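Novice: This is the structure, below, for whatever I ask next.
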Amino acid sequence: MSNNVQGAGVRPAQWSSRFAFIMAAVGSAVGLGNIWKFPYITGENGGGAFVLVYLACIAVIGLPLMMAEVMLGRRGGQSPIGTMAQVAADEGRSRSWVGIGFMATLASFLILTFYSVIAGWTMPYILSAASGEFGGIAAKDSDALFGGLLASPGQLLLWHSVFMGLTVLVSAGGVRHGLERAVTKLMPALFVLLLILVGYGMTSGHFGEAAAFLFRPDFSALTAEAVLVALGHAFFTLSLASGAMMAYGAYLKKEVPIARTSVVVALMDTGVALLAGLAIFPIVFANGLEPGAGPGLIFVTLPVAFGQMPGGSFFATLFFVLLLFAAWTSSISLLESLVSYLNEKGVSRVKAAIGGGLVAWLVGITTVLSLNEWSGFTPLDMFARFEGKTLFDLYDYLTANIMMPLGAFFTALFVGWKMKPAHSAAELGGWHRVWFPVIRYLSPIALLIVFYFNLW
Ligand code: PHE
């Protein structure tokens, strides 16, 4: 067996620079998770205490895990499945560790099926925004507009199909092509636009209330389930336990410092989520909307804000275009674990992307239907935990709250206990001294505690 530092994978083309990797990783991390999901789950889970737990999960579990996954990816140099097989063999460990790769690939595939449906929502919003439909719109009309979209399986299917097509298109061409250039321009634009929205929120008269909601923790509002949701979201938003970071790490040059780079990616991702929260909650409070309104939160609130702003149609159009791009650069990474794996098995990239995208599209139709025709179909009602959950809710719950925390746990065990510390130290440099005890003890113990309180 090879004992060279990099493992013996057939090395695919690499990112041109550290900057290129950061852009791709940020492109993967920043997406619907930050702008759509973070605000609505924060609203559902009572605000401040939830945000604090989420930030702690990012720092104590998410960030060290990102370093671990990028490192594993670079050592294995293959798809997440290939990488785990390679690294386990290099370390003289059981082949079963490849299970981490399989579960990650399955999780990212399942996420992709519903991610595409939600991302599709941005497109009718772009059209509505551009045609000036949001001008002076009242909260209840915005609510009705969103309700109308969800009630139409045909529309949802159309936009889901377009979005999946866009994802397959880039994936088939190879992720490194064009991604770098697009992300470099679009991410800063999204950032600036969020800042404008936060600025607008400051004029709404409810900024203080929103800031207090987000940052003043009320631990009495925190449940064990909320902690699990915060944990799951830390993985979701950082694209962990889904193969994405491992797959992208496989294209990373040896000279790039993994630890520092991961810190940058995690900071940018967290920054975008917090900005999104600060942009949305002032509007929620100013318009008497319900923070716990659920997945429609930003689609109902933001049109109201844009509708009152000078130049609102322009900014609204730009915002939803940028959100579409942010979702696109994430969905490409969601498909990457599967495509890179199939590619290793001899299927061409084009065929793998089309085949994978097609199956994800088909499964995605069940999410389309759970938003309307099948909204009463909640198949796991016999378990208290899953009661009232539609298929879409179940995919989300299964991936973020079960598969990802489990995948993270086993990854931490592998790098903390099964891999030679000298090998991880060679990849992580000076940071290894801090990282190693965290990933060996702190992260797995924290995960066990969350599991324990959720099972009992
Ligand atoms: N991180 C992405 C987001 O926040 C979603 C994602 C999860 C992408 C897992 C890749 C892998 O939208």
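Yeah, the Cβs are placed from backbone N, Cα and C, and that goes for glycine too.
For 19-36, 48-68, 97-118, 156-175, 187-207, 227-251, 263-285, 305-329, 350-374, 394-417, 438-455, the entry in TrEMBL reads transmembrane segment.
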Novice: Taking the transmembrane segment (19-36) as the reference, which of 48-68, 227-251, 394-417, 438-455 gives the largest number of Cβ pairs under 8 angstroms?
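Specialist: Between the candidates 48-68, 227-251, 394-417, 438-455, the best contact partner of the transmembrane segment (19-36) is 227-251.
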Novice: What stretch of 48-68, 97-118, 187-207, 394-417, 438-455 shows the most Cβ pairs under 8 Å to the transmembrane segment (156-175)?
Specialist: 97-118
Novice: Sort out for me which stretch, of 187-207, 227-251, 350-374, 394-417, has the most Cβ pairs below 8 angstroms to the transmembrane segment (97-118).
Specialist: 394-417
Novice: Using a Cβ cut-off under 8 Å, which residues of the same chain at least 6 positions beyond either end of the transmembrane segment (227-251) come close to it?
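Specialist: For the transmembrane segment (227-251), the list is 9, 12-15, 21, 24-25, 28-29, 33-34, 37-38, 41, 45, 50, 53-54, 57-58, 61-63, 65-66, 69-74, 76-81, 83, 101, 103-105, 107-108, 111, 175-176, 258, 265-266, 269, 273, 330, 333-334, 336-337, 340, 399-401, 403-408, 411, 447, 450, 453-454.
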Novice: In the same chain, who gets a Cβ under 8 Å from the transmembrane segment (305-329) while lying at least 6 residues past its ends?
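Specialist: Hits for the transmembrane segment (305-329): 24, 27-28, 30-32, 34-36, 115, 118-119, 122-123, 125-126, 129-130, 132, 134-137, 142, 163, 166-167, 170, 179, 182-183, 186-187, 189-190, 193, 196-197, 200-201, 204, 279, 283.
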